[in-house]
Amino acid sequence: IAGWKAINESDMCLMPDPVTATIDPFFAETTMVITCDVLEPTTGEPYNRDPRGIAKKAEAMVKSMGVGDSVFVGPEAEFFVFDDVRFSSSPYNTGFRLDSSELPTNTDTEYEGGNLGHRIRTKAGYFPVPPQDSVQDMRSEMLGAMAKMGVKVEKHHHEVASAQHELGMKFDTLTLMADHLQIYKYCIHQVAHIYGKTATFMPKPVYGDNGSGMHVHQSIWKDGKPVFAGNKYADLSETCLHYIGGIIKHAKAINAFTNPSTNSYKRLVPGYEAPVLLAYSARNRSASCRIPYTASPKAKRVEVRFPDPLANPYLGFAAMLMAGL
């Protein structure tokens, strides 16, 4: 694997985690999927470049510091689904072409059932009803597949951009949530493919319309109580305000993990509901850190808004946690 070991010591040991075992719903033959940790074959110790091992170390550090005993994470990963994707990169021609029955432009593409013209205007796709929202059933199938693979699912809906969507998962502990996000992406790609479509988690595939983010809700608990609840700004605790301060202070370094592609920064521009301010706010969605309103202390959390779905979840979640601490 690139970036891990040299060829003369490239053998590694995979240790299956039985808690993650599940049946893959996409194969005709019964097939088990299981997540593994990477170990050094000579010592049996966790390999220090294994992303899942790094996430586990981050969770363990919270306990060792006495800050809390549980870290909960809830990502909201958006994505696009296109009917047709064409690209070319050669010495003589470079370009791409995207098409969907939902895009505001109408092409001469012939769709099954006809090109009926039910189009979603630019930046006007939040919660439209069918027939403009043309993939309600497909999203439901995606959730169903995720549930079969052990992910706790909650909801799904159309997002702001044409052909853009989001599925909702229930929050969970940091490493387990990163495992679930891998299943999330796998199921979305598989179901879209079955429908003859292409799903992408590219942050900004369409110029002039909203991009896909991955807002990450975070909270820490200790002895069954929410550490982030208090009587400071937006009913936050001082610990939570320091946590937010750490994320803002180290935001540029965190970007390397949470926004890992050049395309990531085409999303982080004004005018498209993306965070462009290194600030925190209870209401302003342009702020990098938002505090969602809730009357319950148990639901008090921080929503970090600048990550995107191309992030490695194990490294991205761990980076934000370490910066906050």
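Each Cβ is built from the backbone N, Cα and C atoms, and glycine gets one as well.
Taking DSSP states H, G and I as helix and E and B as strand, the domain 'GS beta-grasp' (1-43) has 6 helix, 12 strand, 25 coil. Annotated domain 'GS beta-grasp' per TrEMBL: 1-43, in sequence order.
Annotation source TrEMBL lists domain 'GS catalytic' at 51-325.
Per TrEMBL, the feature Mg(2+) binding site maps to E76, E78, E159, E166, H215, E303. Around the Cβ of E166 (Mg(2+) binding site), the same chain contributes E76, A77, E78, F79, H156, H157, E159, each under 8 angstroms and 6 or more positions distant in sequence. DSSP classifies E166 (Mg(2+) binding site) as strand under the three-state reduction.
In this structure, Q218 (ATP binding site) is part of a beta strand by DSSP. Cβ neighbours within 10 Å of Q218 (ATP binding site), excluding its own Cβ and spanning all shown chains: 25. Per TrEMBL, ATP binding site is recorded for E154, H217, Q218, S219, R285, K298.
Here TrEMBL flags N210, G211, R267, E273, R285, R305 as L-glutamate binding site. The Cβ of R305 (L-glutamate binding site) lies under 8 Å from the Cβ of G213, H215, A274, P275, R285, A287, S288, C289, R290, each on the same chain and at least six residues away in sequence.
Across the residues of the domain 'GS catalytic' (51-325), the predicted structure has a mean pLDDT of 91. Here the C-alpha separation of H217 (ATP binding site) and G211 (L-glutamate binding site) works out to 19 Å.
Shown in sequence order, H215, V216, H217, Q218, C289, R290, I291, P292 are the residues of the chain, 6+ apart in sequence, with a C-beta less than 8 angstroms from the C-beta of E303 (Mg(2+) binding site).
Cα separation, N210 (L-glutamate binding site) to S219 (ATP binding site), rounded: 27 Å. Neighbour density for E76 (Mg(2+) binding site): within 10 A of its CB lie 18 other CB atoms from the protein chains shown. Counting only same-chain residues 6+ beyond the ends of the domain 'GS beta-grasp' (1-43), those with a CB under 8 A from a CB of the stretch are 49-50, 52-53, 56, 145, 148-150, 176, 179, 182-183, 190, 194.
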